[in-house]
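Lifted from TrEMBL, the feature list:
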DOMAIN    10-262  domain 'Pyruvate carboxyltransferase'
BINDING   18, 19, 172, 201, 293  substrate binding site
SITE      18  site 'Transition state stabilizer'
BINDING   19, 201, 203  Mn(2+) binding site
ACT_SITE  22  active site, proton acceptor
């Protein structure tokens, strides 16, 4: 196995059409996907991720139903892109090997296989299948703040040995301070050496995603994720257009041009008539980072709030203390019930549908 060839100093991977799906309640239309891919492709972005926010197979009651199926959106994206590769996210246990094969048939050329940061072993068969399909492979070690740099590096090695070409420090909660992020970058780079590139996926819950992206590059990370107008779970991802501008200022060569097409694509999400992408950092988002509370659960917390009469702060703190991880959105209802019992406020009958998960 060889790591993918890089034509420039860094590769920006855009996740507007995957992580951004959380902010859109997974309601992307074919025309939105087509227009966004066309703009990003024209701007030189080399990898564009397209799926439900929770990845292939994520359109369920637990995570929220998509308007258009993953496979249809992947097909639209692949038919539209002239140069960019289309990536999909797969979370073992949500998506299956069969989902991956079908996505490859529809034109996906890159897969990002995501596990909790200490559970890389559940991804090994999926990497093997992806390599057999001829796909480029990335590995998301989610909630990277929840383990030590040394253990994160060990988990990355498991992925690389199974066929992962780019293991990621995935800061799902936007919780990593700059020195904590650097420790993890250094540990992974030392562990994998020339066997693989290292990637970074940041969130803006403490407004450090962009700063950590710069630190990532300086540490040797060469795959860095962004999303137009920071569209994504929690307070969003590192903005693609800002990363492109900063790397340009630093004289770092990347193919994502900060002007022209990427600006037009940004305007479609952040223009004067748009209601998305205007995410303030806000106190609840800051608690996500400072309380080590996962950004993808923030959406579920908002939807669980009608169950009880106390504030959302208590739910965030309780979920953090109980150690919930990706895939456990349904447990926010248990948080609500327990808080209601303790507070004596009582419980309201509601119909709950979660909206969104993975970083």
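Numbers here mean position along the shown chain, with the first residue as 1.
Positions of Cβ are set from backbone N, Cα and C atoms, glycine also.
Note that TrEMBL annotation is computational and uncurated.
Cβ-based neighbour count (10 Å, all protein chains) for residue 172 (substrate binding site) stands at 33. Fewest other C-beta atoms within 10 Å: among the recorded positions 18, 22, 201, 203, that description fits 22. Annotation note: residue 22 (active site, proton acceptor) sits in a helical segment as assigned by DSSP.
Across the structure, residue 18 (substrate binding site) and residue 203 (Mn(2+) binding site) place their CA atoms 14 angstrom apart. There are 31 other Cβ atoms within 10 Å of the Cβ belonging to residue 19 (substrate binding site). Between the CA atoms of residue 172 (substrate binding site) and residue 203 (Mn(2+) binding site) there is a gap of 7 Å, rounded to the nearest whole number. A gap of 16 Å separates the Cα atoms of the residue listed as 'active site, proton acceptor' and residue 201 (substrate binding site).
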